[in-house]
Amino acid sequence: MMANYFRSTFKFRKTTVSTLFVLTVLVISILTWFDANKYKSNLPDDKSSNSLLDAAWHDLQVITEKPHPYTSHFNDNVHDYLLQRVEQISKKSKFIEVSDDSANGVSKLFQHLDVFNDSSTETRLVYYESSNILVKVEGKSPQLPGLLLSAHFDSVPTGYGATDDGKGVVSLLALLQYYSENQPERTIVFNFNNNEEFGLLGATIFTYSEWFKLVSYVINLEGAGAGSKAALFRTSDTATALLYEKSVKDQPFGNSIYQQGFYSRFVSSETDYKIYELNGLRGWDIAFYKPRDMYHTGKDTVQHTSKAALWHMLNIAWQLSKYVVADQTTASQEILDDESNSSPAIYFDIISKWFFVVSARQLYVWNIVLLCVLPITLILLRIVCNKLGTWRMPTSALFTRIPFALFVSSFTIYFTKELLLQLNPTIWSRNFILPFLFCISEFLLINTLVLALFEYLWPIQDFKTLSLLELSAIAWLFLLKCTWDLSSSGFKATGVYPVTVFYLFISLASMFGLCSMCFGKRPNATNDYDNSEFMRPDTNDTHSIECPRQPEDSETTETSPLINTPSSSVQSSPIASSKSLPGAVQYLQRTLNYDWSAQYLLAVPINAFLIWESLFNLFDALSMTVQESNKATEAVFKFAIYGAIFLCSPLLPFTTKLNRFVVIILGVVTILAASFSLFAAPYTELAPLKLRFVQRIDISRETKQNVEIYGRAGANIQEVLSSLPSRPNVSCKDSGSGTELCVYEGMWPNFGIPMKVDVVKNTHNDKEHFEYEPYFADLRINVADNRLCLMKFNTTGKKHLKQVEFKVGNETTTHSYRTDEGIDSLLLHKLSWNVPYYDVQLKWIPQYTAEGSSDTLGVSIDCYWGEFDETIVNGQVVQKIPAYNELLQFLPETFIVSNRESGMVTIHKYLEL
C-alpha cells in the first residue's frame with residue numbers, strides 16, 4: 001500500500017510538478033525577504049559592541065545637523081568636532097599620532113586625472129587646500145605593510161550626509177576607539193578626508209602624505225544610497241576577496257556583478273577607492289547602495305536610516321580590519337603575497353550567511369573544462385541510448401519546440417518592453433519587483449501554453465530530457481561567449497558566473513535524464529519502434545505508460561489490429577521482456593520512473609535562486625537610475641528581459657506538467673502586474689522624482705540670473721514649477737537622453753553678488769608686443785566668503801594657455817604650472833573664508849595657421865556657494881537661497897531636490913583676453 005501511495009504521489013504528473021513549482025517560488029520568496037531584512041534584527045548583544053555603536057550613533061547625529069559640503073561653513077564645524085573626538089580617543093594611547101592638514105597648512109597644485117573618463121585628454125589643474133584629519137596607530141610590527149581606513153566627512157550641498165558618508169566616518173571613529181585600546185600588529189592610518197563629492201580630492205591629497213607610504217592596503221567606506229546593507233562593491237583581486245571571505249562571518253554581503261559595473265564603466269560614478277587603486281593600494285570598497293531616491297537629497301538624514309544599517313557597515317569593517325591587522329596578520333599576508341591570487345575575483349553571498357570566492361582566472365579554466373567535457377559526455381550518452389534502443393524520439397523533435405517557444409515568448413516580452421517604454425518607462429523607480437514579475441509571469445505563461453499545445457498535438461517520449469538537452473546546447477553557446485569575454489577583458493568580466501552555474505546544472509539534469517533512459521524499458525525485438533508507448537500526453541511515467549494488462553494467453557492473430565492499442569499484445573511485450581532482465585535492472589527501471597524529480601532539483605531550484613538573487617540585487621541598485629537617462633532606462637529593461645528569460649529557462653522542460661490552477665494564477669499575476677506596470681504613477685512620496693537644482697548668476701555683460709532645474713522628461717516638471725507661489729515663467733527644453741532642462745527667473749539669493757573679476761594687465765592690447773612673443777594677463781578674482789572657483793580656458797580656440805601662476809590672497813607663495821600641451825582648466829580651493837581674492841597670471845602663445853593667427857584667450861570663471869540656510873540681511877533673518885527653499889516648501893511630495901553642481905549658486909563671468 002505504501003509503495004502504491006509513494007508511486008502515485010511522486011510520479012511525473014501535474015499535481016506533483018505544480019506543487020514542487022509552488023514550493024520553489026515560496027522558498028525563494030521567503031529567503032529573499034529574510035536576506036533583505038535579517039540585518040535589522042542583528043544588533044550586537046555584548047556590552048563593548050553596544051558601547052561602540054551607541055557612540056557612533058551619537059556622533060552621526062552631531063555631524064548631520066546640517067548639510068556640510070566643502071563649500072559650507074558647517075563643514076568646518078564637522079571637521080572641528082571630528083578632530084576633537086579623535087584627540088579625545090587617542091590622548092591616552094602612546095602609539096597613536098594625530099595630524100590635522102588644516103592646522104599644518106597642507107596644500108598642493110597638481111594635475112588631476114579625470115577618474116570618470118579614462119579616455120579624457122584634458123589637462124585639469126587643481127589647487128587644493130586640505131582639511132583632512134589623519135591618525136596613525138603604530139602597529140606592534142611596523143615593518144608589516146600597513147592598512148588605510150578611509151571615509152569622507154563632506155556632504156553634497158543638498159544632503160545632510162547621514163549615509164553619504166556619515167556612517168562611514170563614525171564607523172572609523174568606533175574602530176579608532178577599539179584600536180586605541182587594542183594595539184594592532186600592523187600600522188593603521190585613518191583618513192577622515194574632506195571634499196570627496198566633487199573630485200575625490202581628500203583622497204588625492206593624502207597620496208602626497210608621508211603616511212601614505214606606510215600603507216599597502218585600504219578599506220574604503222562609502223555611501224552611494226541611503227541605508228540598508230553595506231555591500232562589498234569591489235575588491236582588488238582574489239587575495240583580498242579571500243580575506244573578506246575568511247574574516248566576515250557575520251552578515252557578509254557583496255556581489256562581483258557590481259564590480260563588473262565599475263570595470264566596464266557602466267557605473268559612471270566613483271569613490272575614493274579609485275584614487276587609492278590608481279596609486280597602488282589593494283583593498284576593499286564597502287558601500288551602501290540603495291535607495292538612490294534619497295541619495296544626495298534632504299532625506300539623507302538620521303531619520304531615514306537606522307542603527308541596524310550603521311552596525312552592518314561598522315561590523316563588517318571591524319571584522320575585516322581585525323583579521324588583517326590583528327588576528328591573522330601572518331595568514332593574511334601569506335594570502336596577499338600568493339601570486340596565484342592576483343587575478344580579479346568572482347564573489348557572491350548566499351542570504352548574507354555564506355560567502356563564496358573564486359579567481360576569475362580559475363573560473364575561466366573551469367569554463368573551458370565544462371565546455372569540453374559536458375557536451376562530449378552528453379553526446380556519448382545519447383549514442384548509448386541509441387545503441388540500446390531506448391531513445392525513441394524522432395530527429396524532427398530536436399530543436400523545434402523549445403526554440404519556437406522561446407522565440408514566441410521572447411517576441412512577446414520584447415513587444416511588452418516597447419509598450420512599457422512608451423507608456424510608463426520610469427515605473428521601475430517606484431517598484432522594480434512588479435514590472436519584473438510581469439516579464440517573468442508573461443514569459444512563463446506564453447511558454448506553458450505553446451509547449452502544452454505541442455505536447456497535446458505531437459506528444460513525444462521524454463520532452464523534459466529533450467528540452468534540457470536543447471537548453472544545454474543553447475547555454476553552451478552563451479558560456480562560450482562569456483568565457484571569451486572573461487579572457488578578452490583581462491578577467492574583469494566578473495559578473496558572468498551565473499552562466500557557468502546555469503550550464504553546469506542544466507547539463508547535469510540532461511545527463512541524469514539520459515542515464516535514466518539508458519536503463520529504461522527496451523522495445524520488443526520484433527517491434528523496435530513502438531510509438532504507442534509515448535503517444536499519450538497525459539502519461540504519468542517518464543519512459544513508459546501504465547496500461548491494462550492483456551491476459552497472458554493473448555496471442556496475435558490475423559484478426560489483430562494492425563496498429564496496437566493500449567490493450568494490444570505488443571503493449572505488454574516490454575513488460576514480459578522485462579521479466580527476463582536481472583533484478584537490479586528491474587529495480588532501476590522502477591526507480592528511474594521518478595527521475596524527473598532529480599532532474600527538477602538539479603535544473604530548477606539552485607539556478608532559480610542564484611539567478612533571482614543576482615537580478616534582485618542588480619535591480620535594487622539600478623532600478624532608480626531610470627530617472628537619470630534613456631541609456632539607464634534601456635539598460636534596466638534589457639536586464640529585465642534577459643533576466644526573465646534566463647531565470648525561467650530551467651523551468652521550461654516542466655511547464656507542460658503545470659496544472660490549470662497554476663496556469664490560471666500565472667495569468668492573473670500577469671494581468672495584475674501588467675496593470676500596475678502600465679498604469680500606476682511612477683513617482684510617489686516614498687519613491688519621488690529627483691530634480692537637480694542650480695541657480696546661475698551671469699555677470700559677463702549685464703547681470704542676470706536663472707534657476708535651472710534638470711529632471712526626467714515627461715514628468716510635467718514645467719507645469720509643477722509654474723504653479724509655485726512666485727509664479728515663474730518657466731521654459732523647458734530637451735537636454736538629451738530623456739531628460740529636460742527647465743529655466744526660470746527665480747528669487748535673488750540674499751548674499752548680493754560677492755564676485756568681481758578685474759583685468760589688472762593684458763599684453764594682448766600692448767602695441768609694443770612682438771608678433772611671436774607670448775601674451776600675459778593678470779587677473780584678480782574677488783570672491784568674498786567663498787571656497788571654490790573654476791577657471792576654464794581656450795573657449796575660443798585650441799589650447800593656447802601654456803602657463804599659469806597664482807597667489808591666494810596676500811600670501812607670498814606663488815603657485816606655478818607650465819606645460820607645452822596646454823591647460824584646459826584650473827580648479828581653485830581655499831579654506832579661509834576671510835581671504836578675499838585670487839591673483840592669477842596667465843601666459844599663452846598665439847596660434848599661427850595658413851588662415852591667419854588665433855591669439856585670443858577665452859576665460860570662463862565660475863565660483864560656487866554651497867549653503868542654503870538662514871542669514872541676516874538688514875537686521876532680518878532670511879533664507880540665503882529663497883528660490884531653493886521655495887522648491888523645498890511647495891513642490892508636491894512626489895518630487896525631491898538634489899544639487900546639480902558643486903554649489904547651490906554659481907556666479908559666472910566670461911572674458912576674452
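The backbone N, Cα and C atoms fix where each Cβ goes, and this holds for glycine too.
Topological domains recorded in Swiss-Prot put Ala55 on the other membrane side from Leu658. Residues Asp164, His296 are recorded by Swiss-Prot as Zn(2+) 2 binders, and the candidate that the same record lists for that site, out of Glu129, Glu197, Glu270, is Glu197. In Swiss-Prot, the feature N-linked glycosylation site is assigned, of Asn117, Asn540, to Asn117; the remaining candidates carry no such note in the record. Asn729 is the residue among Asn524, Asn729 that Swiss-Prot labels N-linked glycosylation site.
The binding-site residues His152, His296 differ in how many other CB atoms lie within 10 Å of their CB, and the one with the most is His152. Packing around Tyr295 (site 'Transition state stabilizer') is summarised by its Cβ count: 23 other Cβ atoms lie within 10 angstroms of its Cβ, all protein chains included. Reported as a whole number, the C-alpha separation between Glu197 (Zn(2+) 2 binding site) and Tyr295 (site 'Transition state stabilizer') equals 12 Å. Annotated pair Asp164 (Zn(2+) 1 binding site) and His296 (Zn(2+) 2 binding site), C-alpha to C-alpha distance, rounded: 8 Å. Across the candidate stretches 432-452, 466-486, 495-515, 601-621, 635-655, the maximum count of CB pairs under 8 A to the transmembrane segment (661-681) is reached by 432-452.
Counting Cβ pairs under 8 Å to the transmembrane segment (16-36), the stretch among 395-415, 432-452, 466-486, 601-621 with the most such contacts is 601-621. Taking the Cα atom of each, Glu222 (Zn(2+) 1 binding site) and Tyr295 (site 'Transition state stabilizer') are about 12 angstrom apart. Of the recorded residues, Tyr295 (site 'Transition state stabilizer') and His152 (Zn(2+) 1 binding site) place their C-alpha atoms 15 Å from one another.
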